[in-house]
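Visitor: Sharing a structure, written as structure tokens. Questions coming.
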Amino acid sequence: MAELTVEVRGSNGAFYKGFIKDVHEDSLTVVFENNWQPERQVPFNEVRLPPPPDIKKEISEGDEVEVYSRANDQEPCGWWLAKVRMMKGEFYVIEYAACDATYNEIVTFERLRPVNQNKTVKKNTFFKCTVDVPEDLREACANENAHKDYKKAVGACRIFYHPETTQLMILSASEATVKRVNILSDMHLRSIRTKLMLMSRNEEATKHLECTKQLAAAFHEEFVVREDLMGLAIGTHGSNIQQARKVPGVTAIELDEDTGTFRIYGESADAVKKARGFLEFVEDFIQVPRNLVGKVIGKNGKVIQEIVDKSGVVRVRIEGDNENKLPREDGMVPFVFVGTKESIGNVQVLLEYHIAYLKEVEQLRMERLQIDEQLRQIGSRSYSGRGRGRRGPNYTSGYGTNSELSNPSETESERKDELSDWSLAGEDDRESRHQRDSRRRPGGRGRSVSGGRGRGGPRGGKSSISSVLKDPDSNPYSLLDNTESDQTADTDASESHHSTNRRRRSRRRRTDEDAVLMDGMTESDTASVNENGLVTVADYISRAESQSRQRNLPRETLAKNKKEMAKDVIEEHGPSEKAINGPTSASGDEISKLQRTPGEEKINTLKEENTQDAAVLNGVS
């Protein structure tokens, strides 16, 4: 700003040092030295240029000079007009022209100068030029050092940026400066832009150098990603790199695109490792047995899709038989997965676990097939895990107790008698069983019409058998009047023939089946029950024979059989006879008085043989 130094005349006539800030039509904006006065506009007639710095100082007595002095301590020093009165060595006695003639002062030679011969400035004393500054260069142009060479080239007194007008101001005392500014302005702005770019690169390089020096002593990892996987590693719009840079402790991530090398720098090993997990994409394969490929894929790819979703891999493909890019084992198909190392590890765990599960299931299936094959070879029924199976020897029905357990009075000799009696059964018994199995009554399972003899019915109901048991002396023919059809009470009352032997035979058959109870409700839809709520095989046999005799025998034979039937029923419920499917009824104390004799048993056997030829077997299954 020395080139734009001016002297401004004060109100006391002294000239004070100032600096031109702007040029106007008829005034100048002046800033005073040390800001002893505020910035203000000064008319041209109060401003003059300072004398040349190389002026010769030849002062003698009587010459007019200017003294650098001040009127008081509050004002700065200025140039005051004075006259030399006396000289003595380096000291001069001066007399101020603006003051009283009697006011003299002794000053040194350095404070004196010849009178300034410059006149006050005019409109054409200073020239101002403006250059519009682009937006990207405004910040750079605010620094006056950026215009140092330009100022020297155009011969300007001052160049500065005006933020309000966004223009570059060029002030000069020469008219030639205006022409040079018009010629060099574009070049100057272009050079500023180039300098800015170079300076920015230098600053970035400097920062990178400092950062590299710091990172050299920190944690870092370097790895290479395949070129075809580089897009996955970078992510959409660099999302993966941004995510890795956000990891706490990561200071820098560098990528060499030519070699596909990532370099990660961080404050700790964990931070660097975590950032690497976001960027390191690999391709790996897993061998799957050929016979399990379909099950690994699943219906509509459901299984493999679930594995992909849970593991986090990006994609999966199955290598075809005509592809030989990967090593292939016999009987194996490679599954190729692409993803981060963590996701590849996850998919290996999931797939290996699923394959192990499928192999175990296949092994269990083969064991089942071998068991079925062995069952077929030994002629047994094919294994079935459902339906009615064999009952064990300790099985007990929910409707009564096992007769062998509830009647401990039976001796081993009676068992032998039963086994011998069972051997007497002939073809007629097998035929009756065949007819029973071929026909069933439609009455419903285990229910009689009266409702007192079916499963779940009252134990003390008024059935035909219970009435006979309660009153053995009553008329047995009353049973016919109390029956509702030929398929109810008469069926139970017809047990007069072979009831004892048939019960023993049925017991013999059950003994072959581990002496288990037989639930009559599962064998017939219209089975009747005894007073204990259970059905015996003898019930079915006697019922079928009684029905056939009632339809085919004469009236006299029928009446005779009914008399004997009542007697046999009473004997059959005696304590000496073991119940087949449960304990005896509540009236067993009265019935236990009636004992069957060997003679009566023989008579019943003969009567059955006499009537068996005339009877038509009408059993039901």
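Placed from the backbone N, Cα and C atoms, the Cβ positions cover glycine too.
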Visitor: Write down the single range among 113-120, 201-208, 321-328 that appears in Swiss-Prot as region 'CC1 domain'.
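Guide: Based on what Swiss-Prot states, region 'CC1 domain' spans 201-208.
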Visitor: Scan 137-163, 164-190, 353-379 against Swiss-Prot and say which stretch is down as region 'CC2 domain'.
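Guide: Checked against Swiss-Prot: region 'CC2 domain' maps to 353-379.
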Visitor: Counting only residues 6+ away from its ends, which parts of the chain sit with a Cβ under 8 Å from the region 'CC2 domain' (353-379)?
Guide: 288-289, 292, 295-296, 303, 307
Visitor: When secondary structure is assigned with DSSP, how many helix, strand and coil residues does the region 'CC2 domain' (353-379) contain?
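Guide: Counting residues per DSSP class in the region 'CC2 domain' (353-379), I get 25 helix, 0 strand, 2 coil.
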